[in-house]
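Here is the structure we will look at.
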Amino acid sequence: LRGSGTPFSLSFSGSGFLSLYQVGVVQSLLELAPELLKSACKVYGSSAGSLIAAAVVCGISLDDLKEFFFAMATEVRKTILGPLSPKCSLLANIKTVLQQILPEDSHQLASGRLHISLTRVMDGQNVMASEFSSKEELIQALLCSCFLPIYCGFIPPSYRGVRYVDGGFTGLQPVSSLEEAVITVSPFTGELDICPRDCPAIFFCFQIFNGSIQISIENLCRISYALFPPSTMVLNDIFSQGYQDTALFLYRN
C-alpha cells in the first residue's frame, strides 16, 4: 500500500452500533498511517458506516463521534424496547449531532469524494449520493442512508425530493466499480480487508445485500449488538478491536 501510487478508495459497511469498530479503525489509521486517509480518492459509506465516511472526509473529531455513539447506546438501553420505544428517536438525535459537529463547508469537502449508499423507496434501486449543494443536503443524505424502516420510524426521509431508506439494503459494502482498488472495512467477519477474524476453518462466507458476511456464532452476536447495543464496556472492546485489526492490516500490507 505505502508508496504504491495506485489510486484507492475506502469503504465503510453498514454497522449500526458496531460503527464504534469503524471509529477504532479510523483512529488507528490516523495514528499509524495518516497518509492513507488523506490519499483515499473516494470514501464510501453505507447506513451508519456513512457517518464514519463523512467523519473521514469532513475532518469530524473522532472523540465527538465516539461520545455520540456511547451516549446514543446508553439512551437506547434505558427502555425495554430499546430503539423501538416511542421515547427513542434515533434519527432526530443523529440529525442534531450532525448539525453540531459537521463544519459549515462540509458539503464542499464531501462533494466528489464522499459517496453515500442509499436505497430508493420507489423502485428499490441503489443510488450513490456524491454531490451536495449545502450542509443540510449532506445531512439529509446521511439520514436517508441510516433510515432502517420501523427501527428508525415509518416515514422515510428524502434527499433532493426523493425518499430513500437504509443504504445497507442494496449496498451493505458500497463500491462503484469491481475494478476499483478499495480497502473494505466492516465490523462483521467476511471476505474483507479490515474486519474481525473468526475461525476460518468451520464456517463459510455468503453474499448478502452486496456485502460479504461469514456465517458464525460470533457474527450472529454482532448483528444483535448492531441493533441492540451492549454495555459501554463491550462497546469499548469493539472500538479497541477495530484499532488492533487495523494495526495488523497495516503490518501485513
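Glycine too: its Cβ is placed from the backbone N, Cα and C atoms.
TrEMBL entries are annotated by machine, without manual review.
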Query - Residues flagged as motif 'GXSXG' in TrEMBL, choosing from 5-9, 45-49, 105-109 - result: 45-49
**Report entry** Segment confidence, the domain 'PNPLA' (10-179), expressed as mean pLDDT
**Finding:** 92
Query raised in the report: Mind checking which residues reach the motif 'GXSXG' (45-49)? Cβ under 8 Å, same chain, six or more beyond either end.
Result: 11-19, 22, 114-117, 145-146, 148, 166-168, 171-174, 185-186
Query - Close in space, distant in sequence - Ser47 (active site, nucleophile), Cβ under 8 Å, 6 or more apart - result: Ser13, Gly14, Ser15, Gly16, Ser117, Ser145, Cys146, Leu148, Asp166, Gly167, Gly168, Leu172
